[in-house]
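Please read the structure below before turning to the comments.
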Amino acid sequence: MTELIDGKALAQKMQQELAAKVNNLKQKKGIVPGLAVILVGDDPASQVYVRNKERAALTVGFKSETVRLSEFICQEELIAVIERYNADNTIHGILVQLPLPNHINDKKIILAIDPKKDVDGFHPMNTGHLWSGRPLMVPCTPSGIMELLREYNVNLEGKHAVIIGRSNIVGKPMAQLLLDKNATVTLTHSRTRQLEEVCRCADVLIVAIGQGHFITKQYIKEGAIVIDVGMNRDDNGKLIGDVAFDEVAEVAAKITPVPGGVGPMTIAMLLEQTYQSALRSTHK
C-alpha cells in the first residue's frame, strides 16, 4: 500500500518550530523577521497565494507587509518599490509574486532585488551559489521537496531521479539539489522523446508540467516515489495535480497529494529562508 507524503503536516510542524525560533530571536536580539510581498495586478490565483503567504508569516510571528500595485504600473515604479525594501533594515525577505504583466521584464525585476533578501532564490547570484554547491537562497519549491524526501527517509544516493519540467523555478534547481545528494538525474521537457519510457526508469519522479492528470500509472515503475508539483483546476474548479493520483497510488511506494503535498512546503521554506536572512543580519 502506498505511503502518503503529507506536506501539510510537515509544514505545520516546521512552522511551529519556526515560531519558537522567531520568538527566541526577538527576545535575545530584538529582531523580528520581516517579509515584504509585492503583488502586481489582480490575478485571482496570485491573490490566493499572496494571502496564504501573508497569513503564514503572521502565524510564525513575522512582520509582514504586502504591497498591491496596479497591473498598469511601469517597470521603473515597481523597481523603486523594490529598492525601498532593499534599503529597509526591518525587511529581510522580498518576494515579487509571479507572473508579472507582459510589459514588465521579469529578469530585470529579479535583478533589482537584493540577493541577500531574495527569498525566492531567483537572483542570478543565488543561482550561482546553488550551482557551485554553496546554496544560500534556494527556490522554495525544490527545497521544500528535498525536506519532504528527507522527512520520509528517501535515500537519494545512486537513485535515478526523473524531473518533468525544466523551469528555473522548479526543474533546473531541483536537478542541482538532487545531484548534490548523489542521485542520477534526468531532466525532461516538452521535446523529450519517449517520455513514458524515461519515466518508467525513475526511482523518484518529480512532475512539474502544469497539465492536470497528465501522468498515469503507465508512466510509473512499481515502487517509485512520486512528487506532484502541479496545481491545476479541473472542469468543476477542483484543484488537481499533474499526476492522476488514484491510479498512480496503486503502483507508487510513496506519493504526494494535491492539495496538501508540495504546496504547503513551498510556503514553509519561504518562511525559513526569511528567518535565516534575519539571522544573518545579526552577524553584520
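All positions are counted from 1 along the displayed chain.
Glycine too: its Cβ is placed from the backbone N, Cα and C atoms.
In three-state terms derived from DSSP, Ser167 (NADP(+) binding site) belongs to neither a helical nor a strand segment and is classed as coil. Look at Swiss-Prot and you will find Gly165, Arg166, Ser167, Ser190 tagged as NADP(+) binding site, backed by sequence analysis.
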For Ser167 (NADP(+) binding site), the nonlocal same-chain Cβ neighbours (under 8 Å, six or more residues apart) come out as Ala208
